[in-house]
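Listed features, source Swiss-Prot:
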type	residues	note
TRANSMEM	5-25	transmembrane segment
TRANSMEM	43-63	transmembrane segment
TRANSMEM	84-104	transmembrane segment
TRANSMEM	107-127	transmembrane segment
TRANSMEM	184-204	transmembrane segment
TRANSMEM	213-233	transmembrane segment
TRANSMEM	248-268	transmembrane segment
Amino acid sequence: MADQSIISALVLGLIEGLTEFIPVSSTAHVLLAGHFLGFKSPGNTFAVLIQLGAILAILLVYFQKLLAIALALPTSVKARRFVFSVLLAFLPAALIGAAAHGFIKSVLFETPMLICVVLIVGGIILYAIDRLPLTPRYTDVFDYPPSLALKIGLFQCLAMIPGTSRSGATIAGALLMGTDKRSAAEFSFFLAMPTMVGAFALDLYKNRDALSFDDVGLIAAGFIAAFIAGIFVVRSLLDFVSHRGFTPFAIWRILVGTAGLVGLWLLG
């Protein structure tokens, strides 16, 4: 196994873990990095299984909260309403994602230039929203009514366009609907759990005939890197956005999208 391939797998896993839960689009970063690194994964296995590292990271960090919610379900109306709200928010992406999976993966994901443009446009939109003088009406995710959760879930559907960012779409939608920045990011975490598990299961099923474990080392390297980086981001993001907002992510999106366009132009 070439050392260069291991390094590329580690880099891509690190990128996946660092970008999955922040509003910069992990898909865009992983696809563009893989394109410029010339990384060839074994079948579709690497691209599918690398997501599992990030999924396990958020489940581990939020295990105590998830357990507390589960134990409260029999007696707490608030807990039941919260779980219902998260599942309701997940529903639009589940339905549209299942119906349009082939088109999204075979057409949109194969267009690096589109990804770069969407990164830039999304960065400009996120910057504008972060600068709006919005007055939050909701500061606790457990107070989000189901109707608000559903609207946030509809925003999440925009993330099916590579480069949009699942967390970016949900956070932007939540802010526009009257949430504060911290709870918007936290609801995005909770919504990520069923969404990422569902997307992972669908990808695994759709790619079942192409899956290959010929290079377990590459898969393990990317998985571990995504897992460790994901833990770091999930543990630190809420405090970060409470103090700095989302402008740093907006600027990063614009820079990466611009650099990607320049790179694609130079490489012809």
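Note: Cβ is positioned from N, Cα and C throughout, glycine not excepted.
Through the fold, the transmembrane segment (248-268) approaches residues 22-25, 28-29, 32, 36, 112-113, 115-120, 122-124, 126-127, 130, 163, 165, 168 of its own chain, all at least 6 residues removed from its boundaries and within a Cβ separation under 8 Å.
Counting same-chain residues at least six beyond the ends of the transmembrane segment (107-127), those with a Cβ under 8 angstroms from any Cβ of the stretch are 23-25, 27-28, 31-32, 35, 160-165, 168, 171-172, 246-247, 249-254, 256-258, 260-261, 264.
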